[in-house]
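Annotation comment: TrEMBL describes 32-130, 151-233, 267-352 as repeat 'Solcar'. According to TrEMBL, the transmembrane segment annotation covers 102-121, 208-227.
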Amino acid sequence: MSDATAAAWETAATGSGSNSNNGGGGGGMTGWTVVRQLVAGGGAGAIADCFTHPLDTIRARLQTLQTIPSSSSLSSSSIMLRKPTLVTSFVSLAKTEGIRGLYRGFAAAILGTVPAHALYFGGYELSRSYLVDLRRPAGSNSASAAGSHRGDWMDHAVSGLVAELGGALVWVPADVIKQKVQTNVYASSREALQGVWKTEGLRGLFRGFWVAVVTYGPFASLYFVVYEQLKHELAKRRTVDATMEARARRKQDQVQVQVQVQAGRDLSLVASMGCGFVAGAVAAAATCPLDVIKTQLQVEAGRTYSSAWNVAKILYARHGWRGFTRGIGARISWIAPGTAITIAAFEALSTASVPFLS
């Protein structure tokens, strides 16, 4: 799903930019560097999907107000439980449908991951490179001369929104197919694709496109704000601790710098995963109402709802404000670890890809 992988990409872009071969930040990336990151990003997204897809299935069912059928009625998936939860839904689905039930719609998800990441990463890099070049003083080749930390934050925030527009071109059709299978509207991804195309055509595949952009755009921006603040505070604390340690040992300035550099490395490899986890959880919770509307529209379009506004009105009339937090636990449990897994996989794969794409 785009939320987790998009957020992790922004983490990777900021966390590992100093390690790139080009030696500069921002717009100085070479073509092969971009290709290497695209390959690593696609692989990282696929790995994250493998681990987190079951939680996404639970989220989709909870948000569409469906529950897992009891063992006495496997064919009736529309029976409602009074208060379905993440744990009870997961256990029930695992018991009644097994691993296949937990991974319903996985084919659509995995097939959409690589091209969606290619569009997302390509859009992100092009936009960020363009914005950095705009702020760089004339005649300067230094990326650090392009502006302040605030300007850098703005570059990432705007580029994240641009990237979401590109990635959504693939993510939305994949989500439509995936969620219809996850919620038992269709038995397989192939059947779902044929059914949607036959009944709604291309419009059906892009159902909820702008709702998805409105959902994922703010998610990426909020994630980045929280992540950068957490990372900044941790880096500041690590630097102070490293400096005090060096002084306590009465080492030379060179040793002190080495300690600080090692602290920075530890932050990028370990602490950044924790920052990404927390930031992902915060952003996932904040954008859950939009995600509920998007999922309802994509799954039930043509049968119950006609527009995003129609979804919101009916949802509020039936369930009040609580209806907009349906599946929030599953959404957080899916996205937060997904961002951590993706950033770890991205860093490992991007490093492994260097000999082949350098």
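Glycine too: its Cβ is placed from the backbone N, Cα and C atoms.
Because the structure is a prediction, the values reported are computed rather than measured.
When DSSP labels each residue, the repeat 'Solcar' (267-352) comes out as 76 helix, 2 strand, 8 coil, counted as helix, strand and coil in that order. Residues 1-2, 5-6, 9, 34, 37-38, 41-42, 45-46, 49-50, 53-54, 56-57, 60, 90, 93-94, 163-164, 166-167, 169-171, 173-175, 177-182, 184, 188-190, 192-193 of the same chain, all 6+ positions outside the transmembrane segment (102-121), place their C-beta atoms under 8 angstroms from a C-beta of that stretch. On the 0 to 100 pLDDT scale, the repeat 'Solcar' (151-233) averages 86 in this prediction.
With DSSP states grouped into helix (H, G, I), strand (E, B) and coil, the repeat 'Solcar' (151-233) comes out at 74 helix, 0 strand, 9 coil.
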